[in-house]
Amino acid sequence: MARPGPGVLGAPRLAPRLLLWLLLLLLQWPESAGAQAGPRAPCAAACTCAGDSLDCSGRGLATLPRDLPSWTRSLNLSYNRLSEIDSAAFEDLTNLQEVYLNSNELTAIPSLGAASIGVVSLFLQHNKILSVDGSQLKSYLSLEVLDLSSNNITEIRSSCFPNGLRIRELNLASNRISILESGAFDGLSRSLLTLRLSKNRITQLPVKAFKLPRLTQLDLNRNRIRLIEGLTFQGLDSLEVLRLQRNNISRLTDGAFWGLSKMHVLHLEYNSLVEVNSGSLYGLTALHQLHLSNNSISRIQRDGWSFCQKLHELILSFNNLTRLDEESLAELSSLSILRLSHNAISHIAEGAFKGLKSLRVLDLDHNEISGTIEDTSGAFTGLDNLSKLTLFGNKIKSVAKRAFSGLESLEHLNLGENAIRSVQFDAFAKMKNLKELYISSESFLCDCQLKWLPPWLMGRMLQAFVTATCAHPESLKGQSIFSVLPDSFVCDDFPKPQIITQPETTMAVVGKDIRFTCSAASSSSSPMTFAWKKDNEVLANADMENFAHVRAQDGEVMEYTTILHLRHVTFGHEGRYQCIITNHFGSTYSHKARLTVNVLPSFTKIPHDIAIRTGTTARLECAATGHPNPQIAWQKDGGTDFPAARERRMHVMPDDDVFFITDVKIDDMGVYSCTAQNSAGSVSANATLTVLETPSLAVPLEDRVVTVGETVAFQCKATGSPTPRITWLKGGRPLSLTERHHFTPGNQLLVVQNVMIDDAGRYTCEMSNPLGTERAHSQLSILPTPGCRKDGTTVGIFTIAVVCSIVLTSLVWVCIIYQTRKKSEEYSVTNTDETIVPPDVPSYLSSQGTLSDRQETVVRTEGGHQANGHIESNGVCLRDPSLFPEVDIHSTTCRQPKLCVGYTREPWKVTEKADRTAAPHTTAHSGSAVCSDCSTDTAYHPQPVPRDSGQPGTASSQELRQHDREYSPHHPYSGTADGSHTLSGGSLYPSNHDRILPSLKNKAASADGNGDSSWTLAKLHEADCIDLKPSPTLASGSPELMEDAISTEAQHLLVSNGHLPKACDSSPESVPLKGQITGKRRGPLLLAPRS
């Protein structure tokens, strides 16, 4: 069973109390109902009521009505003649929230008494209020909207809006405000969201004038602001919309909008801006809309939009833009609407819209675009999502095949109000999504090239948007292209110009004159105009020559030629040039010819000669200017082989002017060439790098031990830079030079011949250059000659020499007399005109008794072994026969004074010919000779010319001389065969030949009166050695002559020191001159020089 609710169970208990309360209420109700729930007060006179709104506007009221109902929430007193407000009239309006007092004659902000506290919106526009008094606003504690526009307020001070106000929207537009004090709105910083200051007289905004962190909209349009300084709007952290249109702003300094990181919309239209740069837009990272129309913008700097990468809509209409360069719109990847209408754009660079991947609407109406559509391809590359393109009202006369390349997503294309005359085949074919194509032209050239267009338009259902009428040929003029039969589109002529001569790319040097030539042909008589473009911009004041002539082959075709002259070209003339030839039927564009202006390189830094020490760093500078910028290259000694490069000690920076070589070495020394080269030419400059090094010895000197009479050499191979000067010292003093001391060039080799005991000592090689001096030493030790004569007194030597000479002379003359008598018995002398040479007389004896050339070969052996020998008491140096084979190539003479007849102590030389034969040199007596004893390392090998075995016993002297010439070849050798012989050491003894010769000549002349078989001494002074043997020629003469010659020769052959000359043959017996001389003879032979 359910329990009863509490109300039911408790009803009996509450009934008395409830009844008592109801009784009291009924007793008091009549009084309170009369006071509060009486009848509603009527509307004020001359006002209308609508709900809780009381409308008293437009009544011409000069004073407030007295019967304003208390229930009024919205009171409209606008459009009256109120000049003052009686606050008492608002005493009972406790519900009042909106008060409209606009369009009256109030001169100050009125006070509404107690009702001011609840007023939320106060409209005071179009009055005559002169100022804003902060004290008058203190009572409006609930005020959120205050409209003071269209009054006569001239200034806003910091005291105008005291703290504590809750104004959210403040309108001060259309006043006369010219002074805007910094911090004037600080009292509203906590509440103000919208501030309108448009249509005032503000000329300058103070920096940080607005410290309103909650403000979202700021309207400053139609003022007189000329410049926006940086940080002007700092403090407006929440600003979203800024209106600055219709001012006189000509420049935005860098950071002008810094701090507006949340701003979405910026209005700058109708100002005087001339350019767009990134610095002025710095900080607008959240900007979505930028309105820049109706300015004077003529250029957009590179990266001008780099801080507006979230921009969705950009309005640049009604400006002075003439071209869109490749990077004019870079980094606007989020842009969806771009309006560029009503500019003067005539050139759109290829790739100008590259990167605008989000762009959907592109407005290019009312520009001067022609070539972009007629000639350029790829201008719209990158607009993959573009859906609408408007080119209404441009100067397009033809549409190229690839004009709209890259617009595959295009849906709306407007080409209206263009005098289009031709459209190339498939110009719109790639626009698969095209839904609207607007064309309106009455100038179409209806030839065979337009035949494709009508069926294509009808196939895509686009003919409704196209108004196209033929203008040529005359038969189709005025007809719509859709009504012309396909067979009527023919090409009987070519009224549109056709290029036949293209301008050519060229290169020029600064200051030269250049010209470009371009020719076209046309069958039309329509006037032709010529223009030249440079980098796709028309040259306004081009220096042109234009010609026209009738083509020879057909008189109906005209050829037109235009020549562009560029005089005294500079760098500013560089670019791509193109000619445009136009008539009524269209324009023809030539290829683009590039002009490159070059300047020969010239040095700004020239390398200089330097001299540095080894181990340091060499620094060579070289820099040059030119156009294009020259490339710098280095060479060493005309090549690219750098020792420093191989060793990684060379450093050349690509962008630096300095060439470094570290840890410099001698190998780095040379001439370094800096070459600056560009397409105009090249120039070079040389610098010599001299490496300085202290002297040093490359090969150390060694101590030497030699024997008396030998030759010793000291080699001092010095290195250093500059080349060291070498000086030889002995015992610390300058070396005393004699004829035995010889030097090679540079004194690096010192040779001492025939050394003597006095030559022993310490030899010093002193090497010096400007960097220092170095010394090297060598000790020379001299050993006495074994087996040769000992040191003795001069008197003893002289005595022994005299005795030996007398003995030898006697023995020699005994042999001579014996041989002479023996020969005289064997041969008889006939008194004929011919001289008969005995059969056993060798051919080197002439018919006139003179000694003819003996065919001898002298072989010098380098480095041969030294033969042992000793000197007998008679002064003859005997050799060991065991050391002399048949061909003696290693014979060595003893170091005995040499006697060469016909020579004085003057030195004599040998000149070696190119074929290794020796040429005789003259001595003091102008005769050639060979020393009687052989020098070291030299062997003499006689090679007598064999006598023809078939030769008859008698022969004429002419035949003998002919026979001698035939068997006298010059054999290669390293000595002399013509009587010249190189001394191995020592000087020559003095000769008495000058005294012997005249005596012998006289004797011979007196004895040979008839000239027959006489001993001619004309060549006596050229004999190498005096062979002390009987002469065959003397033997054949008279005994008196022979005896005189013997006595005279024996007397004069003594030298001044008392010694007789050494016999040429060291053997005890003489060998007769007959037959053929064999090679077994080991003694020296008589060497007779050639006559």
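Each Cβ is built from the backbone N, Cα and C atoms, and glycine gets one as well.
Among Cys716, Cys804, Cys815, the one Swiss-Prot lists as the disulfide partner of Cys765 is Cys716. Among Cys49, Cys56, the cysteine that Swiss-Prot records as disulfide-bonded to Cys47 is Cys56. For Cys579, the disulfide partner named by Swiss-Prot among Cys518, Cys622 is Cys518. Checking the candidates Cys308, Cys470, Cys491 against Swiss-Prot, the cysteine paired with Cys448 through a disulfide bond is Cys491. Region 'Disordered' is the annotation Swiss-Prot gives to one range among 828-860, 861-893, 1059-1091, and that range is 1059-1091. Counting same-chain residues at least six beyond the ends of the repeat 'LRR 13' (358-380), those with a Cβ under 8 angstroms from any Cβ of the stretch are 317, 333-352, 386-407, 414, 533, 536, 580, 586-587, 589. A simple Cβ count within 10 Å picks out one of the disulfide-bonded residues Cys47, Cys518 as the most packed, and that one is Cys518. Between the alpha carbons (Cα) of Asn76 (N-linked glycosylation site) and Cys470 (disulfide bond) lies a span of roughly 67 Å. Sequence-distant contacts (6 or more apart, same chain, Cβ under 8 Å) of Asn294 (N-linked glycosylation site) comprise Glu269, Tyr270, Asn271, Ser317, Phe318, Asn319. The least crowded of the disulfide-bonded residues Cys448, Cys622, Cys674, Cys716, Cys765, judged by other CB atoms within 10 A of its own CB, is Cys448. The secondary structure of Cys674 (disulfide bond), as reduced to three states from DSSP, is extended strand.
The DSSP secondary structure for Cys47 (disulfide bond) is coil. Of the listed disulfide-bonded residues, namely Cys56, Cys446, Cys470, Cys491, the sparsest Cβ surroundings within 10 Å are found at Cys491. Beyond the ends of the repeat 'LRR 8' (238-259), by six or more residues, the same chain brings 198, 213-232, 265-274, 279-284, 291 to within a C-beta distance below 8 angstroms of the stretch. When the domain 'LRRNT' (35-70) is classified with DSSP, helix, strand and coil residues number 2 helix, 6 strand, 28 coil. Other C-beta atoms found within 10 angstroms of the C-beta of Asn320 (N-linked glycosylation site) number 13, with every protein chain shown included.
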